[in-house]
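The structure appears right after this line, and notes come after that.
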Amino acid sequence: MPEPRRSTIDAGEVERFSALAAEWWNPNGKFRPLHKFNPVRLSYIRDQIAARFGRDPRAARPFEGLRILDIGCGGGLLCEPMARLGAEVVGADASETNIEVAKLHAAEGNVIVDYRATTAEDLADAGETFDVILNMEVVEHVADIDLFVAKCGQMVRPGGIMFVATINRTLKALGLAIIGAEYVLRWLPRGTHQFGKLVRPEELEKALGGASLTIIDRTGVTYNPLADRWARSKDMDVNYMVLAEKGSV
């Protein structure tokens, strides 16, 4: 009898985010923290892609000719800016509800994104490949991080790159990202993050290494409550982002 196929999908996580789908593009709604967080993510992604592929970030469509996957794209908060910068963008999410919201918003703004209700393993098994993969705030929500990273890594073309943003598994992160953000300030619905599923940088580096990806840049991201804004930082105790590269053949 064949073994059941391994999956990266955590059904509870998909259900949780599907229930919030209508809120994706409301900057003052349930995803307000993500809207606040988005500018620092976008600037990091834009600058690093431009540097790695020799593009001028000041050009009108600097990412023309690049194929980008946003895995776990939600409502498309990263897909649309990448498409406006000229990239061919595939936005994938396990939640069909999220994908429908993303499609509707893109159509309203006349932005072309190839949205698909699918998984990393299905895309990888279909032979899809990309110059850039955006893996942002997803690894802490999957059922099998090693399989997920392996399947994503399989889709990165030689010389291509993958961004990963997540939350460190530290007591500081427990206090700020879970207790503070979800239970005290109520920035996020309770249960959005589970402490045991948060990912330490060394764990992420090991998973990436197993997928033939090498970390070439990393940065912390911290919140300034006085300025009400996020910024890059050396402090990786809570939120952090890494950039990993697949070597050329």
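Start at 1 and count along the chain as shown; that gives each residue its number.
Cβ atoms here come from the backbone N, Cα and C positions, even for glycine.
Per Swiss-Prot, the features are:
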BINDING   R41, G72, D93, M136  S-adenosyl-L-methionine binding site
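D93 (S-adenosyl-L-methionine binding site) has a Cβ environment of 28 other Cβ atoms inside 10 Å.
Residues listed for S-adenosyl-L-methionine, R41, G72, D93, M136, cover a largest CA to CA span of 19 Å. Under the three-state DSSP scheme, R41 (S-adenosyl-L-methionine binding site) falls in the helix class.
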